[in-house]
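Peer 1: Submitted below is the structure of interest, expressed as structure tokens.
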């Protein structure tokens, strides 16, 4: 059955949203404001999934996708939408999530942070599959909503130097001893080097090593090898062990890293994000600052150039060791401290043990920082950071954590905005600023939170006894 629908909005999977007979329809390929005919492909009790058959009235924001693989490849979802409109949808999603999850509205919306629209992805994981029906070896991202590997010949979100490697990599893998036992190639670009990490499930032969070296010489790349877990990653050539680094020119910093370390995908946006975060924190020379989930010290080292001391805490000792080395190399050893700790299990006693911080930066993974913000919310007015900047890659956990800080801890959500870290995708990176309110407001929020917790405990006890 073909229906005619008016598309009202867009979700973060780039599906148009419409309503019919009290039911939500998610329409693949449709944009807000468009009138389309659709074919339903899946029916559920509360919603349907459909695909566009014909666009009767196109959106003024619709653009021609640059990539010939768009719609099949799962690497991008929004190439058919103008970049500014993509960011507007992400901003709306952030604001909606704050309200629906936390009943919060930022006092101020920060202007979006923009960067390169194409060629921005300096880190990627490419899958490798042998598919005889498609001509042999495929190297690329997965197909949209599928475990199959897309038949990619180019990629416009990868830097051109990497996009040009997709077809040569196919031929190289095909020439090796066990192409079907090499499932993955990770790509990591520094400011001066391209590193490829080959995952191989069988030992490489001398012939395989020769093939890798010939490819590296021809294409100007460096090979690292991974036979098992992350601890087995090592450079094919020993002299390449310290090849990767990115820079933060505003702060005079060079940050070395290994190809499997976590670094931001988009180097240009990362520089802008660090700059904005420090401006929002407004660190003073006498301030002591904490950087939680600090990784390689992406924020810690810039903070140390401005404050009295920066303390970075991270769950990976390998990362904190590299952060410490980078700090020492830049003469910041006496103004930085690093600790290795699982920040998903901390409590208020641990937080107090770190001492007083004037400012705090929190940059967690997608799981958010629930344990950290619960501990923060229990701190007395005189022992808590006055200002906190929270960098997030998941609006849902940011909104959850913000609700704890505001409703239970007496913080105010002063501002928030999106960072366009991943153009053409539904990923939403954002930044939010919290400030501690006056003592009376903090104590009132904490008292109300304790009362609510008591009432919930009593309710659960009554339910268990019934």
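Cβ atoms here come from the backbone N, Cα and C positions, even for glycine.
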Peer 1: If Swiss-Prot says 264, 293, 298, 314, 363 bind S-adenosyl-L-methionine, which of 6, 342 does it name for the same site?
Peer 2: 342
Peer 1: Can you break down the domain 'TRAM' (1-54) into helix, strand and coil residue counts using DSSP?
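Peer 2: So the counts come to 0 helix, 36 strand, 18 coil.
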Peer 1: I need the CA-to-CA distance for residue 155 ([4Fe-4S] cluster binding site) versus residue 264 (S-adenosyl-L-methionine binding site), whole Å please.
Peer 2: 19
Peer 1: Give me the count of other Cβ atoms within 10 A of the Cβ belonging to residue 393 (active site, nucleophile).
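Peer 2: Other Cβ atoms found within 10 Å: 19.
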Peer 1: Could you state, as a whole number of Å, the largest distance between Cα atoms of any two of 264, 293, 298, 314, 342, 363, the listed S-adenosyl-L-methionine binders?
Peer 2: 21
Peer 1: From the Cα of residue 76 ([4Fe-4S] cluster binding site) across to the Cα of residue 342 (S-adenosyl-L-methionine binding site), what is the distance in angstrom?
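Peer 2: With distance taken Cα to Cα, residue 76 ([4Fe-4S] cluster binding site) is 33 Å from residue 342 (S-adenosyl-L-methionine binding site).
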